[in-house]
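Per TrEMBL, the feature domain 'OTU' maps to B:78-274. For B:Asp86, B:His267, the entry in TrEMBL reads active site. If you look up TrEMBL, you'll see B:Cys89 marked as active site, nucleophile. Taken from TrEMBL, the feature site 'Interacts with free ubiquitin' applies to B:Ile223, B:Tyr237, B:Asp239, B:Tyr263, B:Tyr268.
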Amino acid sequence: MCVVCHLFTNLKWFSQNLDIVDMTSSNHLDIKYQWDPSRDGDSAILTPTASVRIKRDLLEIFKDPPPGIYVVGDESDIRYVHAIIVGVMDTPYEGGFFYFLLKCPADYPILPPKVKFMTTDAGRVRFNPNLYKNGKVCLSILGTWTGPAWSPAQQISTVLLSIQSLMNEKPYYNEPGYDRERTPGDAKRYNEYLRHETLRVAVCGMLENECHLSIPPQLVEMMESTFLQFFDLYTETCRDNLRSDGEFYIDPFGGNTGCNFEYTKILERLETIRSNLQKKQNIPVSLPFTDGEGSDEKDV
Amino acid sequence: MVIVIMGDEAKNSSTATEDVSQLNQDELIMAQQRQIEKEISETIPLVGDLENILLLEHEYSNDDVYQEKVKNLAKKYKSIRRTRPDGNCFFRAFSFAYIERLLDKKEDFDAFYKKTAKSKDDLVELGFQQFTVEDFYDTYLDVLKRVGDIAEVEGAKTELHSLFNDQGYSDYMVVYLRLLTSGQLQKEKDFYSCFIEGHTTVEDFCHQEVEPMYKESDHIHIIAACAALGTGVRVVYMDRGTGKAVTEHDLPEGCVPSVHLLYRPGHYDILYPI
């Protein structure tokens, strides 16, 4: 039964006894942050079964990690889980680090966790039709979208895998009503925009932590080692796209207008991040498969 | 407490306005629904006390059709137990009423305990991940054990009633019956697929309409839940339809029902025959 019908049956049944909430009134504000784990104001204490279950969900991910998904429980509050999804190869998100904050409700898993997407360049980039700039994740199992609801037999990895599947090769088509391009080439232009923003925000921005996110150290370490592993891929993408530098980007969903592609600048940032990491990790400058120090020259 | 810093979000006023525009209608409805559900939960117990069936007449003091139907109902049923109308009412009512009934007959109760004890393995075999069903299974067995250990039947029923009104236990009982029902549907999917409208597969139907909490139940849920527990239920329909009598349906057809439920559009309560 769809949400509307479901509500309708409920309404019919109870309207005699209850004042129906006015959807247009000041209620808006309370409802507005219901999805948001950092602002929902919910401080209820977990039931004992809920906290055991959260640990088991995490254990399950540690035991059998889904590719590209990394999670860490919060050190001081077990309700919170930090997760990074690494963008899948051959998608515009490839190699990017997408950070999510999850919060389990007191009666988890009766209700789903709440999720906030944190890699948004401080609210400026909408990385997917379902990942809003304000961090909201639109997903039916989270109750923030229509479709199949959460079930208590699901787990934290179910949520992260669903998000990962949104971040696919052609995310343009995720948007309802956009099963065909509004303007020919939109899907491709959206991918170009996302590819650039992935490198700018989800790679450089995340490694530099320019938005001052509180990312747990284990995840930072993972990003650093993955960064070094993917370094050549990042630089290759930049070089392949250098010719678009200076052009305006086009976000078919109307975000971030008036900005330019800046692959040259991204290349510089990538190099700086790498050399800082190498200093920090005290890795000898010569890496395998590179001729001595001049790894910059390798791809030229 | 985790401190989440969103960079210069405060300065970025466009984000805030965007929030409002991005709240779509469905979501407002869902939020409103949650609000209503919360208000309901504060007023109606999960499983109510036994009430005289004739008290139902008060609900319909201005309605002759219903008054007549309540009188008819009272010829067969002496009492009613209301359940919280939260979308889980069938599963909660059925689970409670069946276990309550079993408590009258020790052998039946013990047989049901043994059957339930084996049920987790069936679910795992069907592809449910063990650890995601374990807590619900453990709670279900724990409740059965706790009430089964009380020698005196009335005492056991009182304990059952109090456990079913403890949200933690009660919801876990509901979840487990939902999972057993889903398991039953999937095990006999060739049979059940004819009852599912459209192109939805039995698996998808289970994920969308059976396993999630607060999803209301249809005939197909009831038949599968009965098959899962190995029993039958009589549903007594009471609506504004013509005729003085209420309509009865035994599910599955031809069964000897162990549980009687009163159905009024969108909701199930438990009935007790004379």
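Just so it is clear, glycine is given a Cβ too, placed from its N, Cα and C backbone atoms.
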*DSSP three-state call for B:Asp239 (site 'Interacts with free ubiquitin'): helix, strand or coil?*
coil
*recorded positions B:Asp86, B:Tyr263, B:His267: which sit with Cβ under 8 Å of a chain A Cβ?*
B:His267
*When the Cα-Cα distance from B:His267 (active site) is computed for each of the recorded positions B:Asp86, B:Cys89, B:Ile223, which gives the smallest value?*
B:Cys89
*Around the Cβ of B:Cys89 (active site, nucleophile), how many other Cβ atoms lie within 10 Å? Please give the count over every shown protein chain.*
24
*How big is the gap, in Å, between the Cα of B:Asp86 (active site) and that of B:Ile223 (site 'Interacts with free ubiquitin'), rounded to a whole number?*
20
*From recorded positions B:Cys89, B:Tyr237, B:Asp239, the one whose Cα lies nearest B:Tyr263 (site 'Interacts with free ubiquitin')*: B:Tyr237
*asked:* I want to verify one value. Collapsing DSSP to three states, which class is B:Tyr263 (site 'Interacts with free ubiquitin')?
replied: strand
_Which recorded positions sit within 10 Å of B:Tyr268 (site 'Interacts with free ubiquitin') - Cα, from B:Cys89, B:Ile223, B:Asp239_ = B:Cys89
_Most Cβ neighbours within 10 Å: which of the recorded positions B:Asp86, B:Asp239 is it?_
B:Asp86
*Return the residue, from the listed recorded sites B:Tyr237, B:Tyr263, B:Tyr268, with the maximum count of other C-beta atoms within 10 angstroms of its C-beta.*
B:Tyr268
